[in-house]
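What Swiss-Prot lists as topological domain 'Periplasmic' is 1-12, 59-68, 114-120, 173-369, and the listing cites sequence analysis. Taken from Swiss-Prot, the feature topological domain 'Cytoplasmic' covers 34-37, 142-151, 391-406, 452-459, 503-655. Look at Swiss-Prot and you will find 13-33, 38-58, 69-89, 93-113, 121-141, 152-172, 370-390, 407-427, 431-451, 460-480, 482-502 tagged as transmembrane segment, backed by sequence analysis.
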């Protein structure tokens with residue numbers, strides 16, 4: 001396929017984007033809005049953003065969800081701007097500086113919340129800055145400007161959603177059904193590898209791939225939930241299926257680790273059962289039936305606990321999978337599974353990274369303010385707006401430098417493209433609404449094709465071109481003003497890029513260490529006799545952290561193995577029959593406090609001291625378990641955990 005070719009699957013979304021832009025333009029001029037450009041720009045960004053992220057037409061619900069986030073972010077930003085202006089109207093410089101700090105604060109928050117919701121916080125940061133900068137000459141018009149901006153943005157979002165509904169968006173349901181089947185087959189094949197106890201690298205690749213696929217399925221669940229309220233039952237089942245899939249991975253990997261020291265635990269009967277190859281979910285179903293019969297014949301005590309748990313989880317997976325595919329009423333058996341254990345959310349390990357993002361956004365906005373005041377450039381405010389937009393959006397993504405480069409390419413491409421529209425197309429079409437709409441529809445169509453290909457600069461070019469062409473009411477054509485706006489965008493993106501290069505993010509190693517220590521803390525916290533605490537389901541949170549670790553350190557197998565071992569230890573200790581008495585309960589609380597001190601320690605020396613204290617306490621705990629005659633199901637996992645912590649002490653304490 002050539003660089004300028006158009007694939008059939010890209011045409012529908014390109015038409016959808018063109019329709020959203022035309023609707024926003026027509027409504028903006030029909031209702032005599034002062035700046036219809038904001039409505040058009042919002043419609044374009046809301047529609048094109050999910051397509052750029054997905055690398056194709058987004059699934060149903062994605063555009064609506066992004067639109068709702070944009071409305072929320074805009075209202076938060078407008079309220080913040082009004083509060084800042086009312087409080088500091090007599091000190092304009094201080095007012096702008098506080099807005100810069102507000103933009104940084106919103107970026108900090110957006111770095112800590114879920115990636116889907118971070119868009120609203122990033123938007124609220126630069127919305128307040130845009131309002132404060134725009135009303136510098138006429139501060140008394142602030143409420144009117146904020147209201148107009150909110151109205152125009154709501155109109156733009158409404159147009160994007162209407163266009164999405166008109167062109168029958170894709171449903172993700174079929175993809176979910178297909179992935180559920182494939183995932184169960186892959187889970188069975190992973191257990192086959194673990195039973196064979198073959199090459200460790202092959203096993204690592206298999207479970208790593210399953211962790212990624214389970215995370216992707218959770219993302220599909222979020223999309224399905226946004227799509228329609230009729231998938232509420234499927235959404236509940238998919239939440240439980242996420243935990244079951246992670247349980248299957250954990251039990252398979254524990255089976256592999258057990259065979260390192262006690263291969264005789266896996267009997268020949270189960271080895272023969274797992275030698276049968278499977279290709280489809282029906283094959284897996286037949287094999288599970290055979291295994292359940294074997295377990296009934298041999299008895300639960302003669303079955304390795306990991307295999308017994310794996311077969312039970314796979315059976316529940318099959319039951320819920322059928323319910324997701326049919327979307328029927330939830331049965332009593334399913335309800336019992338769904339009413340299982342409350343899922344625990346873990347604290348973010350990226351606090352230092354979030355603080356770096358705060359300083360990047362704040363410093364770049366302050367630098368833009370100083371540049372504007374020092375040069376007195378009429379488009380310095382435009383440069384400041386671009387700085388805030390780029391840094392607020394770039395900081396939420398794994399590679400902010402590439403986002404900045406995308407914006408730089410986009411603003412550079414917008415200069416000749418905007419020039420064509422400003423000098424030739426719009427002056428010759430402004431007398432006819434039909435021709436004006438057609439001209440912008442052509443722009444939206446062709447950029448919509450490139451956005452789906454994730455062409456570098458395409459998203460930036462779309463937003464920057466609409467921002468600089470004359471779409472105000474009434475239209476005025478001042479070439480110097482156009483050139484200033486175009487150059488202001490380019491300068492703003494370049495200043496943001498310079499700040500991102502200068503303020504380096506060295507938080508990667510710290511984040512990795514915090515993640516590993518959080519795994520240790522989770523394993524330690526599983527040693528409890530508190531019934532409520534033992535029922536807490538930390539597995540999704542732990543695997544979410546493991547997925548983050550895999551993204552931060554691709555290919556670092558020792559880190560992944562250590563994290564997985566801690567997850568296995570957590571699950572085993574959580575189900576272990578720990579003796580119930582006050583002496584052990586008090587010591588459990590002491591162990592948790594020490595583990596928390598390891599995570600929160602501000603220096604390597606403190607961390608080493610607390611970690612050494614934790615190891616000493618674990619030795620004392622083992623002695624207490626011996627005194628209280630704890631069974632091997634308790635003492636062996638604690639011994640394995642203590643041995644792992646001794647072995648990896650340096651990796652868990654050094655920066």
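One-based numbering along the chain as shown.
In case you wondered, yes, glycine gets a Cβ from its N, Cα and C as well.
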### Query
Taking 3+ C-beta pairs under 8 angstroms (sequence gap of 6 or more) as contact, is the transmembrane segment (121-141) in contact with the transmembrane segment (38-58)?
no
### Summary
Quick tally over 152-172, 407-427, 431-451, 482-502 of CB pairs under 8 Å to the transmembrane segment (13-33) gives the top stretch as 431-451
#### Entry: Selection from 38-58, 69-89, 93-113, 482-502, the stretch that has most Cβ pairs under 8 A to the transmembrane segment (407-427)
482-502
#### Entry: Non-local residues, at least 6 beyond the ends, that sit with Cβ under 8 Å of the topological domain 'Cytoplasmic' (34-37)
24-25, 27-28, 148, 152, 466-467, 469, 471-473
### Query
Can at least 3 Cβ pairs under 8 A be found between the transmembrane segment (370-390) and the transmembrane segment (482-502), with each pair 6 or more apart in sequence?
yes
### Task
Give residue numbers and ranges for long-range contacts of the topological domain 'Cytoplasmic' (452-459): same chain, 6 or more residues beyond its ends, CB-CB under 8 A.
10, 13-14, 48-49, 51-52, 55-57, 405-406, 408-410, 412-413
## Note on the structure
Tertiary contacts of the topological domain 'Periplasmic' (59-68), defined by C-beta under 8 angstroms and 6+ residue spacing from its ends, are 46-47, 49-50, 116, 119, 157-158, 160-161, 164, 169-172, 223-228
### Summary
With the greatest number of Cβ pairs under 8 Å to the transmembrane segment (38-58), the stretch among 93-113, 152-172, 460-480, 482-502 is 152-172
### Query
Other than its close neighbours in sequence, what residues sit by the topological domain 'Periplasmic' (114-120), given a CB gap under 8 Å and a spacing of at least six beyond its ends?
65-66, 69-70, 72-73, 76, 222, 396
### Helix-strand-coil residue split for the topological domain 'Cytoplasmic' (34-37), DSSP-based
2 helix, 0 strand, 2 coil
### Task
May I ask for the residues of the chain that lie six or more residues beyond the topological domain 'Cytoplasmic' (391-406) and have a Cβ under 8 Å from a Cβ within it?
103, 106-107, 110-111, 115, 118-119, 122-123, 125-126, 357, 360-361, 364-365, 456-457, 459-460, 493, 496-497, 499-501, 551
### Message
Which sequence-distant residues neighbour the topological domain 'Cytoplasmic' (142-151)? Criterion: at least 6 residues beyond either end, Cβ under 8 Å.
### Response
33-35, 38, 74-75, 78, 81-82, 85, 127, 130-131, 134-135
### Message
For the topological domain 'Periplasmic' (59-68), what's the mean pLDDT in this predicted model?
### Response
82
